[in-house]
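Features as listed in TrEMBL:
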DOMAIN    A:15-227  domain 'Cytochrome b/b6 N-terminal region profile'
TRANSMEM  A:49-73  transmembrane segment
TRANSMEM  A:93-118  transmembrane segment
BINDING   A:His99, A:His200  heme b b562 binding site
BINDING   A:His113, A:His214  heme b b566 binding site
TRANSMEM  A:130-151  transmembrane segment
TRANSMEM  A:157-175  transmembrane segment
TRANSMEM  A:196-217  transmembrane segment
BINDING   A:His219  ubiquinone binding site
DOMAIN    A:230-407  domain 'Cytochrome b/b6 C-terminal region profile'
TRANSMEM  A:250-271  transmembrane segment
TRANSMEM  A:315-331  transmembrane segment
TRANSMEM  A:351-370  transmembrane segment
TRANSMEM  A:376-396  transmembrane segment
Amino acid sequence: MSFPWANEYKPSHPAMVWLDEKLPLPRFVYNAIGAGYPVPRNLNYMYNFGVLAGFCLVIQIVTGVVLAMHYAANTGVAFNSTEHIMRDVNWGWMLRYGHANGASAFFVVVYFHIFRGFFYGSYKAPREMIWLLGVAIFLLMMATAFMGYVLPWGQMSYWGAKVITGLFGAIPLVGEPIQTWLLGGFAPDQAALNRFFSLHFLLPFVILGVVILHIWALHIPGSTNPTGVEVKQESDTVPFHPYYTAKDGFGLGVFLIFYCAMLFFAPNALGHPDNYIPANPMQTPAHIVPEWYFWPFYAILRAFTQNFLFFPAKLMGVLAMFSSILVWFLLPWLDKSPVRSGHFRPTFRKFFWLLVIDVAVLGYCGGSPAEEPYVIISQIAALYYFAHFFIILPLVSMTEKPLPLPFSITEAVLGADEAAALAPSAAPAE
Amino acid sequence: MTETAVAESPNDTAQGVRRRDFIYVAATGAAGVGAASVLVPLISQMAPSADVLAESSTEIDIGSIQPGQAIKAVFHKQPVFVRRLTPVEIAEAKKVDVASLRDPQSLEDRTKKGKEEWLITMGVCTHLGCVPLGAGEGEVKGEFGGYFCPCHGSTYDTAARIRKGPAPKNLEVPPYEFTSDTVVKIG
């Protein structure tokens, strides 16, 4: 599971020796995120975001469990119990703002994490399973975030629930029965709110389980690194602790500055004022938009305005929206270039940045009203999005001439300095 | 595999199937059916409960609605639009070539005989379920003079038929009947 030169766990205290024989949990931690896990020595700050995502999951679980102690999932009182948390519960405002902005922060770091993977080819063999599990985590996150947004039972909560469950109504023949089954009624109501609360409490723990599988799969080949060259020798790696615990700790501090700035100075900047109006089934808000982290996918959903062959526009939009994420599952097999890192792929690198711009444009259109010019722009951007994965990536990986790769990570970091490369270990004396 | 199996088990038939295999298949099969049958209540509990399904109907007094006006009522916890069309709107709806529509229906198909000035539809956009604008005083009616859904831009005409935008169907006509000249019973 690790490189042969990994440090071995050697408990010295008798109590730890005793524990190691009965339940080697400290050994497991030592080998997973301690000094027993060798990591490429050249990871840059883009590699911080996995740990940050894990930290966000902890924020969400801790604040969420506490909020659930004060919230009531009943259509009659859900909105008022949310306001009760904001006004009456000690520190309730901080816990709720921390949870709401924690969701946004979670998506910010996960998007960095995903695009880091796009750029450095982290999805390529032998790391396909890590990538597939990561996409599964992202889908679970989307479901969890959606259901959590319904719980305050404001106008955006209600209409978001109606629109998103309406997506299932687009499935031919069985769509409407499925929608009714999901909601437990003909429109979002008590049954829907109560089950969304139940699932919103459950899914984060499912995510936690898949995160453990994600890290387990990661520890088999070990991390990629910015050169994309595999670890060859001991001098290519440093122990996770103290090197990356320190680096991740610094990244965490920077993250917390931004998170706390949002939490304490602009807690509603990413929310919608409409959600401070209690849910009203008789009136749709003038401009329904999901939370910002769904905007690119929402723009793809709305890009289909005409029937196409036998497919109604509504079904096309729904299929395209789901496909825009499901295509990530195919990524390891669409990009066949043997070179991982974008640093050594000049053509790929340009298209990578075009994709970043394209997703940003989709996001902007998804947050705008359903009118021109946003509709036509999102149509073009959606077309480009799919072209990137299905046409550009396979073509580029077939035709591109990559730059010469360094012989090893050590050479990439230290040049061809023999003395440095032959140093027995980068680890500090123990 | 067959060699050792033959040597160890005198119950083998010529096909290499042992009598004990039947017990394996029967036991795991019964356990599988038992486990699968538990799914029925677990899945079914999510469907609408009896109180949600309980038949409900709404009676609406339409006596005070003038031509060109509309009201919103509630049926199945969702809005219903009751609209009294003006002669101009009726003429406009009849002018359209039905075959050219996405969901081909004439105004006659969508209203009761002799009462075609009364357009009664669900106020639920067939795209993703928003409440279209156009029934309330001063709301946008869209370029076809009927209803306009602000969510994704679906536009309905004066017979509440889909004309433009992503919605696949015309606004649904709920079951209803006129119990008198001024009262309509929905459901």
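In case you wondered, yes, glycine gets a Cβ from its N, Cα and C as well.
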Near the transmembrane segment (A:93-118), which residues from the same chain, at least 6 beyond its ends, have a CB less than 8 A from one of its CBs? 46-47, 49-50, 52-53, 56-57, 59-60, 63-64, 66-67, 82, 85-87, 131, 134, 138, 141, 145, 148, 255, 258-259, 262-263, 267, 270-271, 291-293, 328, 352, 355-356
Which of the binding-site residues A:His99, A:His113, A:His200 has its Cα closest in space to the Cα of A:His219 (ubiquinone binding site)? A:His113
Between the Cα atoms of A:His113 (heme b b566 binding site) and A:His99 (heme b b562 binding site), find the distance and write it as a whole number of Å. 20
Proximal but sequence-remote residues of the same chain as A:His214 (heme b b566 binding site) (Cβ under 8 Å, at least 6 apart): A:Ile130, A:Leu133, A:Gly134, A:Ile137
Which Cβ among the binding-site residues (A:His99, A:His200, A:His219) has the fewest C-beta neighbours inside 10 Å? A:His219
Once DSSP output is merged into helix, strand and coil, the residue listed as 'ubiquinone binding site' belongs to helix
Taken over the domain 'Cytochrome b/b6 N-terminal region profile' (A:15-227), the predicted model's pLDDT averages 94
